[in-house]
Amino acid sequence: MRHIYFDHASTTATDPVVANAMLDYMTTKFGNPSSPHYFGRQVRKEVVDARQQLADLIGATADEIFYTSGGSESDNFALKGIAFANQKKGNHIITTQIEHHAVLHTCQWLEKHGFTVTYLPVDEFGLVSVEAVKQAITDKTILISVMFANNEVGTIEPIVEIAALAKEKGIYFHTDAVQAVSHVPIDVKAMNIDLLSLSGHKFYGPKGIGALYIRRGVKIETVQHGGAQERKLRAGTENVPAIVGLGIAAQKALSELKTEKNRLESLRDKLIQGIEAKIPDAKLNGHRLQRLPGNVNFSFRFVEGESLLLTLDMKGIAASSGSACTSGSLDPSHVLLAMGLTHEVAHGSLRLTLGRENTEADIDYMLEVLSEIVARLRSMSPLNEEHTTGIMASEGKTYQKANG
Amino acid sequence: MRHIYFDHASTTATDPVVANAMLDYMTTKFGNPSSPHYFGRQVRKEVVDARQQLADLIGATADEIFYTSGGSESDNFALKGIAFANQKKGNHIITTQIEHHAVLHTCQWLEKHGFTVTYLPVDEFGLVSVEAVKQAITDKTILISVMFANNEVGTIEPIVEIAALAKEKGIYFHTDAVQAVSHVPIDVKAMNIDLLSLSGHKFYGPKGIGALYIRRGVKIETVQHGGAQERKLRAGTENVPAIVGLGIAAQKALSELKTEKNRLESLRDKLIQGIEAKIPDAKLNGHRLQRLPGNVNFSFRFVEGESLLLTLDMKGIAASSGSACTSGSLDPSHVLLAMGLTHEVAHGSLRLTLGRENTEADIDYMLEVLSEIVARLRSMSPLNEEHTTGIMASEGKTYQKANG
Amino acid sequence: MGASDYNEKVLDHFANPRNVGEILNADGIGEVGNPVCGDIMKIYLKVENNIIEDVKFKTFGCGAAIATSSMVTELVKGKTLEAALDVTNAAVAEALGGLPAVKMHCSNLAADAMHEAIKDYMEHHKK
Amino acid sequence: MGASDYNEKVLDHFANPRNVGEILNADGIGEVGNPVCGDIMKIYLKVENNIIEDVKFKTFGCGAAIATSSMVTELVKGKTLEAALDVTNAAVAEALGGLPAVKMHCSNLAADAMHEAIKDYMEHHKK
Ligand SMILES: Cc1ncc(COP(=O)(O)O)c(C=O)c1O
Ligand SMILES: Cc1ncc(COP(=O)(O)O)c(C=O)c1O
């Protein structure tokens, strides 16, 4: 069966060039870069070079990059590290209702440990209001954390404005850019970002590695205690193969950023327009323009998300409903609810996230398959009596026979 | 140049079988196991199987294994997770002065957050006294954390006795077994261990992955907040390639444990006896019998560790002085100081940790090289006036000429 | 926790659901819904001489919701009302060869909907 | 932060240290030690007509400690005492083409030891 992967926001395949480079650092150049001997020396320079490659992708300097095990750790590190290091200054944190759970659950934990957190609402497009951020600031506010782009609906937040505001008020600004890095241009210096989280496996790099950018001069404490690695801010033997891999992935992402952004945006818009043209009662979730290049998110009235995914899967199409990271839970997406969708409609959301290997042909196939599936599921839905009647007219004979 | 690696306690090469298996899960079977589609399904079973393989190595069940990013995270998770989850019961933790920094620095942080910690001393062999543990217990004690085996001097602690004591008193028992797992037999059930830390790259598995064993029923809270992965106890997209690799490494380690233990013990003893026979004033650090199979640690009077390492490195031999994890700091090893060594002698320690690819020939070469190097460095040492006089007698002519 | 944890039989009932649709002028209609899981099931009965002559369903919900709905209609068709009332949610899950644990409490409600439909019939056809 | 961060020149002075040894009946002896870094350096001088005729060293310490000891002896041999007093720790490090940052403050004390030796000579040969 032909398999089409439309779930790049969940994870991506490691680039073969990245993977092959890693292989070498696993089996041959396997040393610990902290070791004062040949095997340590063999990898020391690579770690330095990779740090620079990653720094280049976001406009940072190499010594502002701190490796972590992924986006979740970066978020935990940023929030807890800033909170505990600046407790004397204040105990108030501002974030939004649509953050990833790595931010939200960390904030909830901090609330149990002496901090107060404001969770700002968003509008129907998933946008945070800069004015609302301004209103929420108190003299106890030490950190504002707003994601660069949302992982479910792809909305790109007004980071530049919020960061400028934070700078003006002398408050640290953190952004979870796990979904944005490599897909949209980011320059932490120009954008006044103090801390930025990223994750390797979201842009064809290795799994199990991420980074936190920490602007020079930011007061933060370590969150993973132990050895003196990462200039004493993050303990644990360096994951050299992954560090090397992340560097290569960053370099490739930077070199392709512009063309890939354009390509994905046009595929994305073709898919959005195609769905809107072919499927009635399809609601685009997220912002139509301030949107990640590869993100498409729709709710189809009267259709439940999992049955949609399941049927797509049977046709070889991999998609997601809500966040892959929140599966294991059965609650509908907190992001869609925050945007004002009802439980029912939130359950019926479909997220398609495009990436490097997707083509026009994939989009055409998807459009063909999707409209059939939605029609079929709607015909089975009790929420859809009117529509059903319409459809049943054509299927009337079957029903008569069964009844007769 | 011939390169001999005697630094296996710092890190090991990833087994090529492990690395090759990982490659496949990076580029082809790259899915997120939480995803409800083909790509997620492709890896779901592997994650389950790998968990079982790892569980088998330590006598646990698969659902008691929680993946982390390595030994440091496992230690942080165990200590903070238990501390915060059991705060109502008590706030006292017992550990030792010779723990890895991942334990010690975590304890120091907990001391700033409402906990009190007793750091037990050790004897000259690095052994913790079971009686001292008993004396330290109060009605506020919620956790005892004693490492299975020390990473610097290789001393194996009386875990079974301490764990039995903890069980009797209804106190959780954690052991940092990063250096012990795969090298000595471990059965968490029979040994009454409640929590155990391990790290993949210490036994030919991948870097950037480890695990915390948490006995079923133990009350612990999550430390890395976010998604619902690892049964909601450790957030972050699963590092599938590393999980698969760790499983294979565990399986191989288990199958080889007995023979490799015997082989390394006899190489170790040959090296220890050789050094003692050939080099005067060489002091074995650690316990002669209760000792990790691959660990050799000596102090050579009047010789400084780094210059010893540097000269060995020039001869192609990779060794370590103190813990590789603490390099970056210039302090002499806290472990050796806790064992009663003076600063000077602690600075002169040499750690040789043997592993899979070491042979008898390596030991022979090492013995030959080491005695020459120690003699040369001693001849340069101002701490060594007497010895120098002895040596200088034979070098007298040079000095006369230089002076004449 | 999605598609991938379903067995073959569940997937078959999901992909080719039996007895899907409505019965016009049904003798009994039952509906159960669980907004948290996002499942709503509606069962239509045609009853003659205490026997379920025909049964249809409409379901908004996940794979398990649709498959259990389909299975329950197969299990009760042709049965007496009393026998149908003996068919439990657990029996439906078992007939499907089991469901993923996470689905057991929340999407496995098709028997309940069928019971509601029988109750509805009984209320309107009290003897 | 060990061996591997040293440049070629440092490694050469470490592996082939110049002027290692003692001077019997030295005119001046200087010793500095830093127990935290584990470095102890001892410098021996032979002075004639205000000129350093010979200089030797003995050092217990890391690679940087040995290399700087070796370099300082090369730098001052044949110099006047005044010129030797102008040789700083920084100048020694520079003559070696630089040292790893972590070594700069703590193992780079050879010039200090040499200055101590000159002071020792001066005290015993006050004019
Ligand atoms: C916005 C956002 N933040 C954080 C994360 C967590 O990243 P990771 O799974 O690599 O820990 C993700 C991805 O799951 C994400 O999309
Ligand atoms: C005893 C001990 N605990 C913890 C660690 C930390 O492990 P990792 O570096 O994999 O985080 C190490 C190794 O450095 C160790 O030897």
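Heads up, the Cβ atoms here are built off N, Cα and C, so glycines get one too.
The active site, cysteine persulfide intermediate annotation in TrEMBL covers B:Cys325.
Look at TrEMBL and you will find B:Gly71, B:Ser72, B:Asn151, B:Gln179, B:Ser199, B:Gly200, B:His201, B:Thr237 tagged as pyridoxal 5'-phosphate binding site. Neighbour count (other Cβ atoms within 10 Å of the Cβ, all protein chains): 28 for B:Asn151 (pyridoxal 5'-phosphate binding site). DSSP gives B:Asn151 (pyridoxal 5'-phosphate binding site) a coil state; it is part of no helix or strand.
Feature annotation from TrEMBL assigns [2Fe-2S] cluster binding site to B:Cys325.
Look at TrEMBL and you will find B:4-365 tagged as domain 'Aminotransferase class V'.
All protein chains considered, the CB of B:Lys202 (N6-(pyridoxal phosphate)lysine) has 28 other CB atoms within 10 Å. Annotation source TrEMBL lists N6-(pyridoxal phosphate)lysine at B:Lys202.
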Where the C-beta lies under 6 angstroms from ligand 2, the matching binding-site residues among B:Ser72, B:Gly200, B:Thr237: B:Ser72
Residues among the binding-site residues B:Gly71, B:Gln179, B:Gly200, B:Thr237 that border ligand 1 - Cβ under 6 angstroms, in sequence order: B:Thr237
Separation of alpha carbons, B:Lys202 (N6-(pyridoxal phosphate)lysine) and B:Gln179 (pyridoxal 5'-phosphate binding site) (Å): 7
Cβ neighbours of B:Thr237 (pyridoxal 5'-phosphate binding site) where a neighbour is any other Cβ within 10 Å: 27
Secondary-structure category, per DSSP, in which B:Thr237 (pyridoxal 5'-phosphate binding site) falls: coil
Proximal but sequence-remote residues of the same chain as B:Gly71 (pyridoxal 5'-phosphate binding site) (Cβ under 8 Å, at least 6 apart): B:His100, B:Ala102, B:Asp176, B:Val178, B:Ser197, B:Leu198, B:Ser199, B:Lys202, B:Gly210
Local confidence of the prediction over the domain 'Aminotransferase class V' (B:4-365), expressed as mean pLDDT: 95
